[in-house]
Amino acid sequence: MSFWARIRSLHIAENKYFRILLLAELLFLFAAALGLFGKDAVYECGAESMISSTGVWVESYEGIYLEGQENGETVEIQNISLPKGTYRVQLKYATDTNMVNSCSVIDSSIPAKNLRTNGTGLFAGLTQTDFDMWLLQDSAHLTVQVQYGGEGMLAVQGLTIYQTNAWNRIGLFVLFCFITLFNVCWVYVCYDKAYRVPPEKKSRAFLLGVIVLFSSLPLMVDGMPGAGDLIYHLMRVEGIKDGLLSGQFPIRISPNWIQGYGYASPIFYGETLLYPAALFRLIGFSIVTSYRLYLLLVTVATVLIAYFCFGKMFQNPNIGVFCSMLYSLSVYRIYKTYLCGSWGETLGIMALPLLVYGFYRVFSREEEEGCQKSWIPLTAGFTLLIQSHLLTGEMAGFFTILLCILFWKRVFRKKTFFVLAKTVVYSALLSAWFLVPFMDYMLTGDFVIQHVSERTIQDRGLYLAHLLFTFFRGGSTVYFADSGMADTQPMGVGISLIAALLVFGLLLLNKRGNVLSDKELALGKVAAGFSLLAMLFSLSLFPWNDIQKLGSIPAVLVSSIQFPNRFLTVANVCLVTVAGVVAKWQLLNKRRMQLSLYIGGMVFLLGISSIFLLNDILSRVDVFRAYNSEGGLGTGYIAGAEYLPYGADASRYWYHEPECPENVTCLDYQRKELGAEAWLSNEQEEPAQVTFSLLYYKGYHAYAAETREELPCYAGDNFQVTVELPAGFEGEVTVSFESPWYWRLGEIISLITLLSMGISGLYGKKKKREEVPQCLED
């Protein structure tokens, strides 16, 4: 009897107590849902509420005016009384500087952790700004403080605080999760009473929970390790959230990035797996809480994927738990996840075991009945890599080519070739919605990312000592040419995995003790060889600079790697595979003492390297707390600016109204997400160009609102969206970003492929269930 058949046989829905429980849960959910309504209080604070020691009231600005004062002078609205909840703070102001003045909320009468907001900076091209605030207890002494930065002018004109229902959305979500968890536990207890879950399964589930617990140690504080690429990836999440709120799906241009000009990061850098993080933000969680929840989900997924893949590969779930522990707690994964903040590589690490498992099935079980399903883990793995971190996908592709060369005879066998071809086709179809826009921009556009071939990477490589190092700490050095390993970041695979490689080498020398099958031994040899090759690629000794000089294509490929240590992503999964092979070797030898010493030794080495590193992160690395994006992250950070049009100057991108030549009038201008509306009149006898504060990417269009006539729209000064008005034109103009039809076709292809795979899978399971009784009759 299958698992789900056993669940159905419990008849839980017919249980009187369970029905009462469900009714009570529905009532709780209904009551929580009612709390979403009525949270619309508005608190107005006019100029009469403002206090400033040096500012003066200026009638023309209708507010408190500061100009020429020293840096640090403030305008305050004091003693604001608010109940516990979530709010949107909106400040009306005028200024002629950008990011010099700021607005924040303070309250010395309550603990700092109960007032969660980062405020925001003020911009010359805006007349108001707003930001989120989480108030965790009632307060009667809130102060909104506007700080003058010592340059230009600042006029504070008024304050409005809007109550939101984000707090209630969070409560409803938490209640739903608790109810779901409680019901799962109820079903488990009933299942255990009826069918007696074996103690071994309970132990494995417990150990997997422990692995998740220790892998998530940095998530158990109310902050984030503030280093590396973290801000960039958090801004990607904010881009998804803002895009969804503006009605864009899937997200192609992050609308609020670069002061609202928009940034095409989603087209070049797959964001499929970041949508859950954006969902947490849409529910109402702060940035730091969404970060913790999302990385917890990623950690759970990594632990379970590793457990499933390695357990299936070695046909032993206990080895699956062992390998999952080594993989999830590996030094390199901890470094990339928490210290480097490289979410793309973290997601790549999560997906790689699927490829190892899939290729093992393809090349070692080609004669078995289940071989033809090997395309499923392979397709899942490659699709996840394409849509999360293309660079990891490229490295995986390189090692895939090597693997196919090694086993070229098997590659051209009918079953194997069919599986590999199916993997390529399905991975491409599932990723068509991402690949079509990506290739469109890469082939028809000219971006910074296409001009990085001169960047060298060899001097960024590791020392051999990095690979053999044990007590890694949360350092800051990533360039070793000048300072050596002093204060190095933890770039290595960890002593436990190196020990596994050495033990495997020792077992190979002692061939008499070999009890592995030829397939398992080949797996160990290939994994060991690939791990050594990947570690060699990560070293400064490897001649990357010479390879870069071989031609334009090698130069671009090598430069795109940026840091050779990224090859440790591949080395990491290969070394865990080797550790699993050694465990299987010891298990088949039936020498309990040797097996216990091996497992115990690996756990000990993991503890003094990975757990030591986790504790060092918690005790030494500065904590970064971002609650709202406006002040916690800002909008201007674009890392290496790889996805800007080549030649664009991002330092000039500030909010401004449409720039019009003489005799062109602009009225009723409204800025929108990835667009704008304005009434424009061209009194000239020749066409006139109007420039909008939007970064031009392929897909922008301009229309005359009344006639829907399309107007010329192109990249103007500094690649800003520029609309050409015909001579004598008068009327409302709409500017917006629209995905080309063939992008939409790619989306449809991916959706149809996904649905067809799902339907085919369900039909296959149904057919299999129908065949079982017939087999029993026979």
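Using N, Cα and C of the backbone, Cβ positions are placed for all residues, glycine too.
Since we're looking at a predicted model, the values are computed, not measured.
These features come from TrEMBL:
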TRANSMEM  20-38  transmembrane segment
TRANSMEM  170-191  transmembrane segment
TRANSMEM  203-221  transmembrane segment
TRANSMEM  291-310  transmembrane segment
TRANSMEM  347-363  transmembrane segment
TRANSMEM  375-408  transmembrane segment
TRANSMEM  428-449  transmembrane segment
TRANSMEM  493-510  transmembrane segment
TRANSMEM  522-543  transmembrane segment
TRANSMEM  563-583  transmembrane segment
TRANSMEM  595-614  transmembrane segment
TRANSMEM  741-763  transmembrane segment
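Only sequence-distant pairs (6 or more apart) were considered; of these, at least three Cβ pairs between the transmembrane segment (563-583) and the transmembrane segment (375-408) are under 8 A, so the stretches are in contact. Looking at 203-221, 291-310, 347-363, 493-510, 522-543, the range that has the most CB pairs within less than 8 A of the transmembrane segment (595-614) turns out to be 493-510.
When Cβ-Cβ distances below 8 Å are used as the criterion, the transmembrane segment (741-763) is approached by residues 250, 252, 426, 429-437, 440 of the same chain, each at least six residues removed from its ends. With a cut-off of 8 Å between Cβ atoms, the residues of this chain six or more beyond the transmembrane segment (203-221) that come close are 292, 295-296, 299-300, 302-304, 307, 317-318, 320-321, 324-325, 328-329, 334, 338, 611, 614-615, 617-618, 623. Sequence-distant contacts of the transmembrane segment (375-408), counting only residues of its own chain at least 6 positions beyond either end whose CB sits under 8 Å from a CB of the stretch, comprise 269-273, 309, 344-345, 347-355, 357-359, 361-363, 419-420, 422-423, 426-427, 430-431, 434-435, 526, 530, 533-534, 557, 560-561, 566-567, 569-570. Same-chain residues lying 6+ beyond the ends of the transmembrane segment (347-363) with a Cβ under 8 Å from its Cβ atoms: 273, 298, 301-302, 305-306, 308-310, 312-313, 327, 332-333, 336, 370-371, 373-378, 380-382, 384-385, 388-389, 392-393, 396, 400, 403, 407, 410, 416, 419-420, 423, 523, 527, 569-570, 572-574, 577.
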